[in-house]
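Per TrEMBL, these features apply:
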type	residues	note
ACT_SITE	141	active site, proton acceptor
BINDING	71	substrate binding site
BINDING	150	acetyl-CoA binding site
DOMAIN	5-71	domain 'PglD N-terminal'
SITE	142	site 'Increases basicity of active site His'
């Protein structure tokens, strides 16, 4: 089977992790594109930054696919916007699965999902388009993730959790079984979420509470 060539969009830290996962699976990665002019001529993981998005016009979307290298604590909106713009232009985004990820065959993965080293996705879980399950994060049975949710390193979503689109669950955070988090929720690093949250804000602490209430 011939694998397509891949260009990674973005050239920051998350893009390097994406490249590492792709290279570990034997994929042919051409390099990165990034609109930050300061990145031109640099290398990540031994691969070149090819230039800005204009470089894509020199490639055939029928032979080259993209991988989304945009991460960051609150990068889900940008990540989704860039991917949507490029998909509208005819590009397809690869699903990235590090060979060290453990994924049940009974889980459902949307297009462009990224599963990093030592991540775990259990039976009945459903991941929307563009989700990231980062290094050593755990998505337990029957968890539902909306599009472009980022589950950061070592975070754990217990069974039956639901997380709305464009949300970010911070490093080492824990969300108790059955909890529902609405669209655009940010869970701070190390927080323990034990009750539902309607979304559109940030939860921190143990037990986790909205930041404005905690400050009060």
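Including glycine, each Cβ sits where the backbone N, Cα and C put it.
Owing to the predicted nature of the structure, the values given are computational and were not obtained by experimental measurement.
The recorded positions listed here (141, 142, 150) include 150 as those with a Cα within 10 A of the Cα of residue 71 (substrate binding site). Long-range Cβ proximity for the residue listed as 'active site, proton acceptor', meaning a same-chain Cβ under 8 A and a gap of 6 or more residues, is found for 122, 123, 124, 125, 159, 160. Reduced to three states, the DSSP call for the residue listed as 'active site, proton acceptor' is coil.
A simple way to gauge crowding: the CB of residue 142 (site 'Increases basicity of active site His') has 18 other CB atoms within 10 angstroms, across all the protein chains here. Here the Cβ of the residue listed as 'acetyl-CoA binding site' has 28 other Cβ atoms within 10 Å, regardless of which shown protein chain they belong to.
For the pair residue 142 (site 'Increases basicity of active site His') and residue 150 (acetyl-CoA binding site), the Cα-Cα distance reads 17 Å.
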